Structures are given as C-alpha cells and as structure tokens.
Amino acid sequence: MATLVQQGAEAKVYATSFYGRDAIVKERFPKTYRHPDLDKKLTHKRVVQEARCLARCQRAGIDVPALYNVDTYTNVIYMERIAGRTVKLCLLDPETDQAAAVQVATKIGESLAALHAIDIVHGDLTTSNLFLRDSNGSLAIIDFGLSYHSHMIEDKAVDLYVLERAFLSTHPDSQAIFDRILEVYLAHCKQAQKVFAKLEDVRLRGRKRSMVG
Amino acid sequence: MATFSLTSLPNYDRTTVISLGLEGSANKLGVGVVRHTLLQPLSAQFAGQTIQATHLAEALHGQQVDVLANLRHTYITPPGQGFLPKDTAVHHRQYILPLIAQALQEAQITPADVDAICFTQGPGMGGPLVSVAIVARTLSLLWQRPLVGVNHCVGHIEMGRQITGATNPVVLYVSGGNTQVIAYAQNRYRIFGETLDIAVGNCLDRFARIINLPNDPSPGYNIEQYAKRGSQLVDLPYAVKGMDVSFSGILYNVQTLAKTRLGTNRSTSTNDNADSKGQPSTCPPLTAEDLCFSLQETIFAMLIEITERAMAHIGSQEVLIVGGVGCNLRLQEMMGEMARQRGANVFATDERFCIDNGIMIAHAGTLAFQTGFATSLADSTITQRFRTDEVYVAWRDD
C-alpha cells in the first residue's frame, strides 16, 4: 500500500512502510519528452548515484534519510520517511521570526560544510530539499537525485551558488539569512576560503554579471 | 501598499496610448506600432488623487492591445559566417528610417499620434543597440515625445503573456543570446535558472556554421530541418547543474565529432563510449543530420528538465516559451509532452512574436509608460548586460 506524496520533476514519491518502518519510495518514471536511450541512460545513472551519495553521507554521520533498498531495474529507491517540514515552508511561515530563521541558517551551514568535507556535491540545493525533523529539529538534506562525488572546488562553489540563487528567488528579502549560512559554512569547512573565492568567480561568470556601477 | 499619482498617468483622461517600438539588439531590426485601449479613462474609474497598484494592474490587464504595424528586417550573413556587431550596426542604420516610415504608413498614423517611443536598452550587442537608441533619442527630441527604455527579455515575456493569455507562467526564454528560466515574484521577473556559459541559440548557430548550413532564414531553422532526418543518437555530454545548464562542452564535443567522424561508421569508433559494447557494424555512417538530431535531443532535454524543475519548485501549472529558439517545433513538442505528464499547459507563439520584433518592445514599454515610467535622455544609454530582474514590474501586482 503506497500513497503518492509528491510528484517532483524527477520522480514520484510514495509513502509506504518497509519491514515495519515508515518509508518513502522514490520511483523515477520515464520522461516521455526525452529520447528513450537518453532517458534510460540518465535515469539509471541517477538512481545509482543517488544511492551511493546517500550511503556515503550516512557513513559520515550527516543527517540524510536512511537508505533501505535500491532496485536499479525498476529505478526505485526505498528510504526513511522523515517526519517534519521543508525549510521553504519554515521560512515562509509568518510564525518563524528572525532568530528562528538564523538558527535554521546555522544548521544549513553546518550540514553543507560536512557534506562538502566528504566531497559530496548535492547538485540541487533549494530550500525544498532541506528538511527539519519534527523529532529533534535536526536538519536533514534530502533528494540526492542530482548528487555526485567530486573533490573539485569549482563544483562545491557551484553547489553554493545554486543554493544562493534558489534561496534568494524563493525568499527575496533574506540576504541576511543566506549570509549567515555562508558564515557558518566558513567556520566549519576547511576548504571554505577556496570555495568562496571560486564562488565569486562563478557569480561573475558569463551573463550573470550585472554591469550596473 | 504602492500607489500611483492618478493625474500623472497617461491614461488619466483618455483611453488609448499609441507607441512606437524599436528593437535592434541582435541581427533583427524590428519596428512596431501598438495601440493600448483601456475600457475607460482612469479618471472615470477611480476618483481621488492616487490609485492603488492593484487597481492599476487590474485596469491594465483588462485593456485591449492592437498591433498596428509589425515590420522586421534581418541581417543575414553568408553560410559559415556569424553576424559581427559592427556590420550589424551598419545594417540597422541603413534600414531603420525607411522601416519606421513604412510602419507609420501601415499603421495609418502620423508622428503626432505617437505617445511614446520605446526602444531596447539591453541586453544585446553594443553596436546594434547604440545605432537604434540614437534613432529613438532623435525621434524623441524631434517629436517631443517621452522615451521608454525596455529590457529585451521583459519584452519577450510580456509579449508572450499578451499573445497566449498565460497569466503567471514559468517562462523559458531561449534565443541566440539568452537562455533563462524565469518566474514572476514580487514585482520582478526572477531568474531561476540560466546558462553558465553560452546561450542555447549561440550553440546551435555555431554548430550550423561548422557544418556549413545557410543562415537563411536562420541557422536554427536549418538545424531543425536536418534534425528531422537524423536517426542515430550519439552520446553527448549532458550538463544540468541544479537549475542551470551549460552548453560550451557540448558544442566542443559535437564540433569535434563533425570534424572527425562525419561519414564514418559509428562502430569503428574507438573513443565513443556509447559503442564500447561493440555495436554491430550494421550502423549506417554518421551524418550531419544525425549530429543535428543528437544535439537538439540533448540540449532541449536539458532545457525542459530545468523548466520542469522550476515548475515543480514554485508549483506552477503554466509554461511559456519565448525567444527565437522557441520557434523550434521539436522544443515545443518536448515541452508539450513534459506538460502533459504533469497536467500543465504550454503556451508558445509563432515566429512573428517569438523572433525579436518591435511590437514586443512597444508593448512592454507601453505597460511601463502607463504606470508613469519614462526614461530621461541622460538615462537612455544602452546596457549590453541588462539583467531581467533589474526591471521593477510596476504593472503587475500579483
């Protein structure tokens, strides 16, 4: 018995149970707009990559959904169902005051530093992919669908840049909150200086630059 | 809550506004005349000194928009050659005056009927932008009419919304110079995703040059025709990074294939990963058509993917395609298929409005003008990089 919880861009997510535990099933369905060969290649690659990244994070003690089972034939991953809500909802909630938002930002900074310390690049950091556990308020990173292993500073910088853009477009008046994330990241990540220098490059690259001033 | 001073608005005591729109940010020179007609003058609908942003937005949303003239002249270069800023500027200077005269004639108006002169302020190529801006400034002084500087991307978005009736869509803006996924929030068109290097149209145009396709009517159109006859999908890099995409690596890859592998049999390849499992030698030789097909399939899949991600992220059920590459029927078909899977709606326009034109500049400029916006002569300089989200969208309040 599985009920559809969410249809994301990539996959359908169902709530179910796995040997008595609350679980979600993430099923990547064929994208009919893509050429079937391309679709098969991308889907398979992403299922394997997602499972690997989840397992790596789990081993390093980073809060992510626990991995239960992977099926690369049907492109399905079973994982822990976390009770909680997204950071997006939390920040959009009028009851979340500045102090609470800063606290959330601190947790995000710590988690991202830990993630990048083991060379995992999330690839799709948005406030919808950051989850706050009801049980202990811990910040879990979810949806490793576009994640990969990389030690390159460039990739980590782009990861932060993706978050910055998603963050500021979803929560337009929250520059201070985002700055807090970077501040905590700096304090917790050894490579942070290098990543920040690269982040500047990424921001200035190509068409992203504004010529005002 | 934002308010506007009622008496200072052009529609205070009359229903119509007629604008001239001048576009020349790339190799198309566009001149358009458009007439906006409110149901009744603002003074008849709203009493008092000020008007709420919500009410003004509502009044403007319900107005009638008539295209009185839509003329375009395209600078077409020989095959294998792109358009250079300097030569393009010369082209624009040569054609703009006769084109404006013809537009006024077609619209059956005189300069006295024009209420505002709208021109593209950026983004685009410097030389061509300047040559058109100079004409706009001169007309403004000569006819004593206000200037309205327009962001090219916002022009595309507003024209698309107007033509298709989409209310609050996620916008995929794809052209020779721009690749952006845009959604409206709090009076700005915010960029959710974009290219990290070259634009998608630039990637297609440059590949067309490599395989020597003509630039007439456009390189992208010719690639599309070739792609229809392609059948083999070759393995190209797939570069989606979160909400963003990258095309330069793909272009390099497909260019290398074009130079080294055209006409050779796929299975004889040593460096093509797709064939490492030892495909039978029954594969026909690789053709330019196959490369066009593979290029389109790969880069369009990337664009659809980031668009879908933006739709999922903000929970939108509408998607609008604008920009020159938006004319590509395969892209529209793929977008339609994605939308069908999500139960969403696709809006697209045809080449009259997809490809750069003067009407879109006139239309977006008029919307700004109707909220009391005008560009002073001193501020009428052009900006090659003019971000979509720099524009304050005063004419919407949702």
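In case you wondered, yes, glycine gets a Cβ from its N, Cα and C as well.
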Considering the divalent metal cation binding residues B:H152, B:H156, B:Y173 given in TrEMBL, which of B:D13, B:D350, B:D356 is annotated for that site as well?
B:D356
Suppose a student reads TrEMBL and sees B:Y173, B:V174, B:S175, B:G176, B:G177, B:G220, B:E224, B:N328 listed for substrate. Which of B:D205, B:D244 should they find annotated at that same site?
B:D205
Using only the residues recorded as binding substrate (B:Y173, B:V174, B:S175, B:G176, B:G177, B:D205, B:G220, B:E224, B:N328), report the maximum Cα-Cα distance in Å, whole number please.
18
If I take the alpha carbons of B:D356 (divalent metal cation binding site) and B:G220 (substrate binding site), what is the distance between them in whole Å?
14
For the C-alpha pair, I'd like the distance in angstrom between B:Y173 (divalent metal cation binding site) and B:N328 (substrate binding site), rounded off.
13
